[in-house]
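Below: the structure, in structure tokens.
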């Protein structure tokens, strides 16, 4: 099959033929329909998330079940599915406790580029090729069955592909924030996750929703999707602006940028006694200093949120799509053939895309 393979960090991806094995126990082979391109993939390409190459990335996958391994019961060949970027084992303590987004088994292998048994299902010329959270930049992908959710026949598979990360992470952020109807919320970062969060906040009954970013066209999109106010942090002091808009700061700040400046912005702008939810992922080795005294004296609650629960939250997201209360296609700014993936990567790196779909 064809796949976009990274051989060297910071070098273009290579489109080449690779071998894919049969799915093992609990695994599912998918014929890929579309895969969203996310900044987390770019972090792999740049070596900021150091998954060992050669590696095939791509973790917002939609497609058709081609084959199932022994013991698979949740899906069958022919099913239309989306894959979450989190692949829960379903058996560890966290999975059993309902926190499958924090699966202990998955956490041990997600940055190694292998399946839970320590091996990959891709190879070429007898050498293993690793995958990042599914390896969807290819014609086929193999993932654990617990990552998959069936998609109704009347729903466009391309439209829902980005639910696997952008949608699921936005949903998880709101669940962690425990917002009440009418609460004021600031969302820092208006990429795929931030814009998903804004749509889902509107669906959840949030009051004032403030979008913070640096690109006017993305802030305009945020207003279209449910933001009540926007702050361009390149043009004005964002912390001062957020506090002025909210009369002292929002009850909740959701940080979706994943860098030092935006994390500090979130901590500095939240209301005394408020909550900061961190969902943006910095590079895996990043260390960010914070003023702990301000957090303690302000009674600020800081919560880290990693994605959402595939088996619990993904069906709820699909229902919101069906009801017309969440439209993931509004995040998609481009559609590229697999052979054009390097062009899509460049656009995302330059801030000229939100989500691009890669079509094998």
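The backbone N, Cα and C atoms fix where each Cβ goes, and this holds for glycine too.
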### Task
Check Swiss-Prot: it lists 189, 190, 191, 192, 193, 194, 218, 279, 280, 281 as binding NADP(+). Then name which of 110, 121, 355 it lists for that same site.
355
### Task
Sort the binding-site residues 38, 59, 89, 95, 165 by C-alpha distance from residue 218 (NADP(+) binding site) and give me just the closest.
38
### Summary
Cβ atoms other than its own within 10 Å of the Cβ of residue 191 (NADP(+) binding site), all chains, total 23
### Message
Quick check: of the binding-site residues listed here (92, 103, 165), which one has the Cα closest to that of residue 355 (NADP(+) binding site)?
### Response
165
### Summary
All chains considered, the count of other Cβ atoms within 10 Å of the Cβ of residue 165 (Zn(2+) 1 binding site) is 29
### Query
If you measure residue 92 (Zn(2+) 2 binding site) to residue 38 (Zn(2+) 1 binding site) at Cα, how many Å is it?
28
### Task
Give the sequence-ordered set of same-chain residues, not counting 89, 92, 95, 103, with Cβ within 8 Å of the centre of the Cβ atoms defining the Zn(2+) 2 site.
88, 90, 91, 93, 94, 96, 100, 104, 105, 106
